[in-house]
Amino acid sequence: MSLWQPLVLVLLVLGCCFAAPRQRQSTLVLFPGDLRTNLTDRQLAEEYLYRYGYTRVAEMRGESKSLGPALLLLQKQLSLPETGELDSATLKAMRTPRCGVPDLGRFQTFEGDLKWHHHNITYWIQNYSEDLPRAVIDDAFARAFALWSAVTPLTFTRVYSRDADIVIQFGVAEHGDGYPFDGKDGLLAHAFPPGPGIQGDAHFDDDELWSLGKGVVVPTRFGNADGAACHFPFIFEGRSYSACTTDGRSDGLPWCSTTANYDTDDRFGFCPSERLYTQDGNADGKPCQFPFIFQGQSYSACTTDGRSDGYRWCATTANYDRDKLFGFCPTRADSTVMGGNSAGELCVFPFTFLGKEYSTCTSEGRGDGRLWCATTSNFDSDKKWGFCPDQGYSLFLVAAHEFGHALGLDHSSVPEALMYPMYRFTEGPPLHKDDVNGIRHLYGPRPEPEPRPPTTTTPQPTAPPTVCPTGPPTVHPSERPTAGPTGPPSAGPTGPPTAGPSTATTVPLSPVDDACNVNIFDAIAEIGNQLYLFKDGKYWRFSEGRGSRPQGPFLIADKWPALPRKLDSVFEERLSKKLFFFSGRQVWVYTGASVLGPRRLDKLGLGADVAQVTGALRSGRGKMLLFSGRRLWRFDVKAQMVDPRSASEVDRMFPGVPLDTHDVFQYREKAYFCQDRFYWRVSSRSELNQVDQVGYVTYDILQCPED
């Protein structure tokens, strides 16, 4: 051995001993379903500059096609350092969530005036996001309009028809106007300048988490806070919580503080939970019973088994197979995940990740610092996950900005202005002097004396009086409320309530008008928990049960005055409670008393070769299958558009059913294909659609006597 070798070994050992210890690096994990952008900075800049009008303006000026001139335009418009370079400040601005209206130029498809020529502006809320209670959304829009009416002669009146000047819509991706949204973050909303038709309308990306800017809004029940919303984060026993918790309780009921510090304020309420109540179903809102038996198996949590629409449900007695009583489990915005591979599912706490147990959301395993959770108790084995809710975007502030566009304002270059294109949360007065000057340039000041902007508060859900525990640690089972709502909070109409069934005009009954004497119905649909049967301008209602008979007939025109006498198919989307009525090449959409339509089928993405829609079946959350003859398509209810790639032959998905059915509908979670007086019933077992019964509509479904 060389004389140098021992010395080298000694130096190596000493080097190891005296080297500074390395900082432990977090393990980075590739999460299944994680969407990552592969855009380079240059590609991001090119796309951004084109989308928001800078490239086109630079080219129109005859300037070079390098990014420099367009970057200078952007930097000047956004009040950034004017370097003409793709520097860090410019890239940061490009990555900031913002309005989708171009900064230079307008949505080029539309022409129109830059202001309204009347001062009483009407608006219609066409649909809602599920992120906030409807009352909170209504209030956010009303307060946003109030900002502009406080400094101008304008007034804003809510109406319930598409004739409104400003139609407000939540949508995702391509939502019908040719300017698609881009998923979560990025482009938040857009609006069109004043004018007829779609002009003046404001659209909000429903892939965002809409809040009041300070986290998800979770209304509480019971407790001692009079239904106030949860305050996130809150302190309990010295620890910070950003979601509802069961800590401190022995009954498993999730609760939250309604102030920033429970330890000092002692104010709390219970979060939505299937252990408190259920929604819809047939159990009058009673809470889930765990465990319960379904198809011979025991369940200790809400499940989607047995359903094709993805809704979580539970039995409200110990044995569903025997009692047939159930309800749908309420969702909690504070723990409903976004993205990942389990969007819409709930976080499960505690969960195991890399052998360690987590009782809150974590950023472990990620290089971007985003909080996530598992949606099963063990990520290591199941690999199911999603991002935890963040602070969300203030619907009030974004709406106020978009309504500025709907009134005729362009983007401002003042970073503190409401009309600056980038989202900025503030709890101070939103309007800057630049905003006020701009809107008054169009409409003038409010007539003197000019009142102060009205002070409004967000309405909070009320809770029924109850004997409440003095704090979250415990509650006696007998004190736990069992009465729940008969339907989900979001199930209300977007307009004035429609007249109840008892007010519908009953047509004088004759033997020919008895539903049991109708050979072929025009359309059949399950609406609510009843079966509706339509024929020649009339309809009947049927509730299943021993000795039940169809009620009616009633006039279609009394309940849905916009509809024609002859209908081809009808369906209800359960989540939004929208009713879709198809007749020939047209469709009408009712939301409460409000109606949209008639619209042509091509607006839904169905070609001119589709003469009618003959039926619909649920196909996952917010999705339907639309039928016409031998073909079917997958239909996105929220976007109101079919996926053209989903076209398929009926007999490929539903072997054994007639190919010339005149009506397809869903009833009690099974599919019915009608031909003449008969139906073919299809049930799904092991992901296979199989005909399990053939029968008469009148005798076997409506329980009509056979004499």
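Cβ coordinates are placed from backbone N, Cα and C, and glycine is handled just like the others.
Per Swiss-Prot, the listed range annotated as motif 'Cysteine switch' is 97-104 (candidates: 97-104, 401-408, 537-544). Listed in Swiss-Prot as the disulfide partner of CYS256, from the options CYS230, CYS288, is CYS230.
With GLY197, GLN199, ASP201 listed by Swiss-Prot as binding Ca(2+) 2, the candidate from ASP165, ASP182, ASP185, ASP226 annotated for that site turns out to be ASP165.
In the structure as shown, the Cβ atom of CYS256 (disulfide bond) sits within 10 Å of 30 other Cβ atoms. In the three-state DSSP assignment, the secondary structure recorded for CYS388 (disulfide bond) is coil. Shown are the disulfide-bonded residues CYS230, CYS271, CYS347, CYS388, CYS704; of these, the residue with the fewest other Cβ atoms within 10 Å is CYS704.
In the structure shown, across all protein chains, ASN127 is the one of the glycosylation sites ASN120, ASN127 with the greatest number of other Cβ atoms within 10 Å. Among the recorded positions ASN127, CYS230, CYS244, CYS388, the residue whose Cα lies closest in space to that of CYS704 (disulfide bond) is ASN127. Not a single one of the recorded positions ASN120, CYS230, CYS244, CYS271, CYS361, CYS373 has a C-alpha within 10 angstroms of the C-alpha of CYS302 (disulfide bond).
For the disulfide-bonded residues shown (CYS244, CYS288, CYS302, CYS516), fewest C-beta neighbours within 10 angstroms: CYS516. For the repeat 'Hemopexin 2' (564-608), residue counts in helix, strand and coil come to 4 helix, 24 strand, 17 coil, using DSSP.
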